[in-house]
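A.B. asks: Summarising the annotation, TrEMBL assigns region 'Disordered' to 15-36. Positions annotated as domain 'Transthyretin/hydroxyisourate hydrolase' by TrEMBL: 26-140. Sequence annotations record features per position, and here TrEMBL assigns substrate binding site to H34, R74, Y138.
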Amino acid sequence: MSSGVALRLRTLQRHLGSPEGRGMEPGSSPLSTHVLDTASGLPAQGLCLRLSRLEDHGQHWTELRKSYTDPDGRCPGLLLPGQMKVGTYKLSFDTEGYWQKRGQESFYPYVEVVFTVTNETHKFHVPLLLSPWSYTTYRGS
């Protein structure tokens, strides 16, 4: 197996939490994300994202945090322990900026993942699989 293929396989195994990879790291934050660049098979390092919460009975979004994915494509500590409240949240990913830095045209200038928290004692992991022409997300563990 070539070294490039082996690196992409290890990255995907870590992302999906296989026994060969290290899986999701528990950490103390109730909310985390992980972005994988499926076009390269590597983590999406340096992607800007913003976390917001819907306030005032659904009238406006309040930005809670701006951050960037780390070299492994993760952003583990989006909220401090105890900061999670029941409500509606939004993760906004600056996909246009990410692809422009790589000299790549893309279809989606940004991706917004809106989700509802009904129990603030649970942990939430929101992975994003990203290519210039598509994206997939799901509730991870």
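Residue numbers in this text run from 1 along the chain shown.
Glycine is treated like the rest: Cβ placed from N, Cα and C.
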A.B. asks: Would you mind giving the whole-number mean pLDDT across the domain 'Transthyretin/hydroxyisourate hydrolase' (26-140)?
C.D. replies: 93
A.B. asks: With substrate as the bound species and H34, R74, Y138 as its recorded binding residues, calculate the greatest Cα-Cα distance and give it in Å as a whole number.
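C.D. replies: Roughly 15 Å, rounded to the nearest whole number.
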A.B. asks: Summarise the domain 'Transthyretin/hydroxyisourate hydrolase' (26-140) as counts of helix, strand and coil residues per DSSP.
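C.D. replies: Here the numbers are 7 helix, 53 strand, 55 coil.
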